[in-house]
Amino acid sequence: MAVSVIILAAGQGTRMHSTLPKVLHQLAGRPLLSHVIATARQLNPAQIIVVYGHGGETVPEAFRAADITWVRQELQLGTGHAALQTLPYIKPDTMLLILSGDVPLVKIETLKRLLAMVDQGGVGLLTVELANPNGYGRIIRDRVGGVSKIIEEADASPEQRRIREVNTGITAIEARYLKQIAPKLSNNNAQGEYYLTDIIEHAVASGEKVVAVSAADSIEVMGVNDRQQLAYLERFYQKREAARLMGEGVSLSDPDRFDLRGELLVGKDVYIDINVILEGRVILGDGVKIGPHCYLRNAVLGEGVEVLANCVIEEAAIDACARVGPFTRIRPETRLGEGVHIGNFVEIKKSTINKNSKVNHLSYIGDATIGKKVNIGAGTITCNYDGANKHHTLIEDNVFIGSDTQLIAPVKIGAGATIGAGATITHDVPPGELTLSRTPQKSWPGWKRPSKK
């Protein structure tokens, strides 16, 4: 039977104490809802429907995904009410898999196991046993162990509250049965809400097959209700990813001080030091070494690249055996060629620096193309902005630029040219020539420093 996924994401999240909708709070650099959608897509469903409410259009606007149907729940009247809002949109003859937008770590294998149990029809629910079940709806079973109903904690008796098997909120139900049961749902309970869990009791009463599948690990069905729970899941996720990477041959100096906030593809013998943050899509070739306190976002590093401490690399590509840092910032649209050295307190923006060139100290290179075997002295600035527009600097192969040089773009430095220290270059420099632009040095014999009176 084809699957339609419904994700309930309309909750207010009052315990987050935030103006941001709860499902947009981030886990590992992505909204909670993004994790759930990504898992749902692995099922290749006939459709994905997201029910949103609190926060209004900020939720769908954060995704703009063509494969998602967005349904707004104007009034938050419970999970049952939220599910019923999808009735005009769901495809007939499908199995509905109802997920929670604030349960980000549920495993695809668990969902497939649940769906397999109801493939021929009926109602399925995912349960879990908790040492401390406070706050969860309890699973009530009959004398032969079958599920008879789910009772929310607010409506449970003291005896029922001692039950440790709880409802996770993840439910599988045929579309035709949800439509059939919809008129029977009631808000006659302590919360005055329409509970999705009431479906179970109605299903049992009408003779529908009801099955329960137990999650192997409580962490995968843990929801986020406050910032402490979010932080707990964040640490769990990061430790899990760290263990996976070490299993693939990555050396982590301290797995507890590593943050992956996206996708990481790695070669062999990669070393990552403490407090490194990787965001977006990062590719690290064989033998890459990342020093402590570095931030990489959407970066590609070739074989043998070394990044020293305290570097920021964003939207950039670095070829084999290059070295960057410490305290270097590589900004978007930058490419560093093989064997390039970028040193301390250097900023590179929207530039290409070719093989074996060096910018070792205290420089800004922006909107520039630099050839091979170029040496850029300390304090060199490409002056690329005239107050209105950005301009390009071209430095050809084998150029030597002395310290404290300003290159006023647009400008071209010919191959093999040498520029003396302290120059301000406003015109193109011919190939192979020495260019100076300083005022002559003068000394005043007999001059004395003023003394204090």
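Positions of Cβ are set from backbone N, Cα and C atoms, glycine also.
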Can you pick which of S403, S451 Swiss-Prot lists for the same acetyl-CoA site as A378, N384, Y385, A421, R438?
S403
Within the same chain, where does the region 'Linker' (228-248) have neighbours whose Cβ lies under 8 angstroms from its own Cβ atoms, ignoring anything closer than 6 residues to its ends? I mean 6 or more beyond.
16, 25, 27-28, 104-105, 219, 222, 255-256, 258-260, 264, 266
Measure between the Cα atoms of every pair in A378, N384, Y385, S403, A421, R438, the residues the record assigns to acetyl-CoA, and report the largest value in Å, rounded to a whole number.
23
I'd like the number of other C-beta atoms within 10 A of the C-beta of N384 (acetyl-CoA binding site), please.
23
Nonlocal residues around S403 (acetyl-CoA binding site), in sequence order (Cβ under 8 Å, 6 or more apart):
G377, A378, G379, T380, A421, G422
What is the interatomic distance between the Cα atoms of R438 (acetyl-CoA binding site) and H361 (active site, proton acceptor), given in whole Å?
21
Tell me the coarse DSSP state (helix, strand, coil) of S403 (acetyl-CoA binding site).
coil
